[in-house]
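Under the heading Zn(2+) binding site, Swiss-Prot lists Cys342, His344, Cys365, Cys368, citing sequence analysis as support. The compositional bias 'Acidic residues' feature in Swiss-Prot is assigned to 476-492. According to Swiss-Prot, the N-acetylalanine annotation covers Ala2, on the basis of a large-scale study or a structure entry. Residues or ranges marked as N6-acetyllysine in Swiss-Prot (evidence: a large-scale study or a structure entry): Lys114. The region 'Disordered' annotation in Swiss-Prot covers 443-510.
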Amino acid sequence: MAAELVEAKNMVMSFRVSDLQMLLGFVGRSKSGLKHELVTRALQLVQFDCSPELFKKIKELYETRYAKKNSEPAPQPHRPLDPLTMHSTYDRAGAVPRTPLAGPNIDYPVLYGKYLNGLGRLPAKTLKPEVRLVKLPFFNMLDELLKPTELVPQNNEKLQESPCIFALTPRQVELIRNSRELQPGVKAVQVVLRICYSDTSCPQEDQYPPNIAVKVNHSYCSVPGYYPSNKPGVEPKRPCRPINLTHLMYLSSATNRITVTWGNYGKSYSVALYLVRQLTSSELLQRLKTIGVKHPELCKALVKEKLRLDPDSEIATTGVRVSLICPLVKMRLSVPCRAETCAHLQCFDAVFYLQMNEKKPTWMCPVCDKPAPYDQLIIDGLLSKILSECEDADEIEYLVDGSWCPIRAEKERSCSPQGAILVLGPSDANGLLPAPSVNGSGALGSTGGGGPVGSMENGKPGADVVDLTLDSSSSSEDEEEEEEEEEDEDEEGPRPKRRCPFQKGLVPAC
């Protein structure tokens, strides 16, 4: 039954407009519309209501058409069609054929054997160049199931639907089943849907149309949501990535039906289907280490080129500093890399760069904020060698001759004079410091007494002690009191010691 179904669909795809109208009229369906609408209607009829009478009618129309073709004289030259591109062979008036579908000697099932891996309702323009999508480093393409095909609105409604019926080959099914799981329920080999603008000027990045919804067979597929935005008035952004359809598909020879719902707001979009193998950041890092290491001598020549004297410049550069700290994570570099298109010598860590782009792909250099795609990344062999040789520095300087020297942080030097160290003891009850005395080793010890006292040791003047806790007024008053006391002692003799008043409410500090 499956073989007959595939054969019937191949026959339907070879029909002219008149054949399609006869087939649809045979089952009582509408015969109006463009050719791609009639083809879609007939394919849906074959897919969901293929009775023996309908199959007999399809075969009769097919044999009638090719019997007439074979009886004709030599055909006009024609251009063969790409089996993966769905082109409308008639203009919008439905009268003038643009390109003949096939010649009489072409086996039509062979020509259209791959058409089931395409969108029956999504015609592409033959005269326009093909839409190209950018390569995704984390997705290694195995097969192209459907080339980028434009989403064509069928009416004036804002919400459009475009169905697709396709089947996987046994080899493709085997690849998916035998692939490892990246995480529970997610295979490494996947069937992904990619959507982009229909712009042929340059490779296009993935871009979703408004109100997008993807239905695979009888279940809706999850589409990445919007990033939360805290800024008022700023439209939230959406990560546009390939949509994995594998978990909702029939992994057998049965046909799969995909329906893309999208908002028609003036912009043109194209869709494509690919069989891919998803890679991890560690696999990309290993590949980069294998094919992306730049020889140290080439890196050294680049340093010389950067520091070469420019005769037109009035400023001569004698060296350039390069940090060994990754600007992404502020940690020491382990795998220094940069893009070949970058003008700077500063590197970032390839490990963290790949991990960050695996979560949120931007592929922007963290040093110069310019594009740094994966296929332009290189590992700096010279800086890798420096990292292994210089483990105690966080920065180096490249010199004019290509050599380098580490830049280490200078130790703080003491600005105190090279003299005797003054030992300041605790103050007595009157707030006076004991006078220091110089011992034999040059250190000063504390002795009883108050006030600044100078000492002589081996004919050299001693150091003065200044109490920094007292202000200038209090120190001058203390000096006057001491002078008065000394005069009184000289005249009247020694006076009794004063007793320091002690308040009961005070608590000692120790």
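Each residue, glycine too, has its Cβ placed from N, Cα and C.
All protein chains considered, the CB of His344 (Zn(2+) binding site) has 14 other CB atoms within 10 Å. Its own atom aside, the Cβ of Cys365 (Zn(2+) binding site) has 20 Cβ atoms within 10 angstroms in the protein chains shown. Within 8 Å of the centroid of the Cβ atoms of Cys342, His344, Cys365, Cys368, where the record puts Zn(2+), the same chain has further Cβ atoms from Arg338, Ala339, Thr341, Ala343, Gln346, Val367, Asp369, Lys370, Ala372. Look at the Cβ of each of the binding-site residues Cys342, Cys368 and count the other Cβ atoms within 10 Å; the largest number goes with Cys342.
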